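Residues annotated as domain 'BTB' in Swiss-Prot: 34-115. The phosphoserine feature in Swiss-Prot is assigned to Ser150; the stated evidence is a large-scale study or a structure entry. Swiss-Prot lists 197-206 with the feature compositional bias 'Basic residues'. Annotation source Swiss-Prot lists ubiquitin cross-link at Lys206, Lys212, Lys335. Taken from Swiss-Prot, the feature phosphothreonine applies to Thr369, supported by a large-scale study or a structure entry.
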Amino acid sequence: MGSPEDDLIGIPFPDHSSELLSCLNEQRQLGHLCDLTIRTQGLEYRTHRAVLAACSHYFKKLFTEGGGGAVMGAGGSGTATGGAGAGVCELDFVGPEALGALLEFAYTATLTTSSANMPAVLQAARLLEIPCVIAACMEILQGSGLEAPSPDEDDCERARQYLEAFATATASGVPNGEDSPPQVPLPPPPPPPPRPVARRSRKPRKAFLQTKGARANHLVPEVPTVPAHPLTYEEEEVAGRVGSSGGSGPGDSYSPPTGTASPPEGPQSYEPYEGEEEEEELVYPPAYGLAQGGGPPLSPEELGSDEDAIDPDLMAYLSSLHQDNLAPGLDSQDKLVRKRRSQMPQECPVCHKIIHGAGKLPRHMRTHTGEKPFACEVCGVRFTRNDKLKIHMRKHTGERPYSCPHCPARFLHSYDLKNHMHLHTGDRPYECHLCHKAFAKEDHLQRHLKGQNCLEVRTRRRRKDDAPPHYPPPSTAAASPAGLDLSNGHLDTFRLSLARFWEQSAPTGPPVSTPGPPDDDEEEGAPTTPQAEGAMESS
């Protein structure tokens with residue numbers, strides 16, 4: 001037997017990979033330790049080169065070829081904390097919506113997009129060379145009856161030229177502290193053709209995509225301001241350079257010319273994803289276009305007043321913008337409020353139930369894990385949902401938000417008010433299928449059915465100390481009267497026949513004296529047995 005030092009013990013941690021990816025995603029949302037900034041069409045995304053190179057062949061070639069991995073930013077030094085000194089990539093050939101969806105996929109292993117944006121995501125995945133996303137998008141488009149778009153030759157050529165130019169610039173080996181590599185001009189992008197509108201299909205999709213309320217890690221560019229004095233060429237070059245001080249490697253600030261000076265780097269705000277929100281309000285300022293300084297403002301005709309008049313892709317893009325980052329001085333009357341609901345279903349990995357709605361899958365998973373994160377501060381009762389806790393708090397505060405419009409009654413729940421309204425309207429929607437008696441409340445009908453009040457026959461009142469009547473077995477019992485019609489109000493006839501049937505089946509013998517007041521249909525001293533009635537008639 002070997003010594004304890006020679007014995008190797010393997011302790012597996014199955015959740016380590018998912019927890020590690022979750023921590024990286026949290027760092028991306030907060031902007032911590034990000035060593036790369038991706039710019040596209042006026043928007044910026046803070047991210048990590050290692051994560052992108054692990055899931056995209058294009059980024060792997062971009063970061064490793066020509067520079068041996070020591071390219072674009074201070075990835076090997078400790079000065080890239082919080083995004084300071086990070087490298088910059090200009091990827092204008094990839095749209096912001098598709099790029100945001102692919103970045104979220106890289107950090108969460110879940111592709112979140114809309115049906116209308118699926119062709120754009122497929123095109124971006126082809127440019128960035130992400131095979132698994134390409135296969136998934138092709139399968140969904142084919143299953144939905146949509147034709148997959150062919151690759152855009154212009155965008156493919158621009159992506160190839162950018163990769164070659166970047167590899168050439170980083171291979172030149174510019175030392176730290178010197179001027180940045182020569183800017184390699186790229187051909188201007190062609191005017192975008194009119195985008196075809198994808199037809200929505202009613203066929204079921206083969207894959208379940210998670211939909212979240214908002215995209216995280218969107219950085220809204222600041223509003224461009226006119227400086228007090230014109231900037232010289234050197235000042236513009238210094239202002240547009242990122243990571244020139246801090247021990248960065250060669251090729252730190254390489255970016256194709258965009259025609260305008262880059263906005264100064266500063267602290268950026270991030271919007272973490274809140275899974276409990278079922279829907280959220282999107283505030284959009286008409287005077288600022290898509291984003292502050294991100295593009296020309298839209299005309300009132302393009303904005304419109306009807307929600308259907310706005311492109312759903314535009315609404316999905318606006319969902320990534322937080323209202324705190326948009327024009328803080330605007331009044332509420334100048335803001336356009338939009339609500340976006342989830343479209344893609346999600347499947348529970350435990351019970352395989354299909355969950356609809358953003359953020360509802362984590363709430364459903366609490367039914368399997370038993371987690372109850374919402375606790376009452378008064379009595380300590382815990383709940384799995386926040387809305388249930390709010391309803392519970394009404395018991396402590398005495399709040400009754402549902403009031404009757406016809407009387408001063410107030411109720412704790414909406415269904416109590418609905419049942420109460422039947423008293424004013426006279427509706428009796430709950431009907432017994434045996435006697436067709438209607439009730440205003442469902443619990444009244446259930447009580448009626450459990451007690452069998454509709455078929456119960458009482459020939460006379462019986463005291464507690466009376467012996468129960470003797471019922472003969474079914475073999476010796478007399479045949480029940482045939483030909484009874486229980487329809488058209490013949491229920492009383494059936495009850496009378498049933499009473500006579502039990503009287504004939506009862507054993508003969510002296511009647512049991514029942515002291516007390518007589519029945520309502522009997523007179524004082526009246527006979528109570530058939531023998532007595534016959535004796536009186538004969539006399």
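Cβ coordinates come from backbone N, Cα and C, glycine included.
Note on Thr369 (phosphothreonine): other Cβ atoms within 10 Å of its Cβ, all shown chains, come to 9.
Within the same chain, no residue at least 6 positions away from the residue listed as 'phosphoserine' has a Cβ under 8 Å from its Cβ. Across the domain 'BTB' (34-115), the prediction's mean pLDDT works out to 75.
Look at Thr369 (phosphothreonine): DSSP puts it in a helix.
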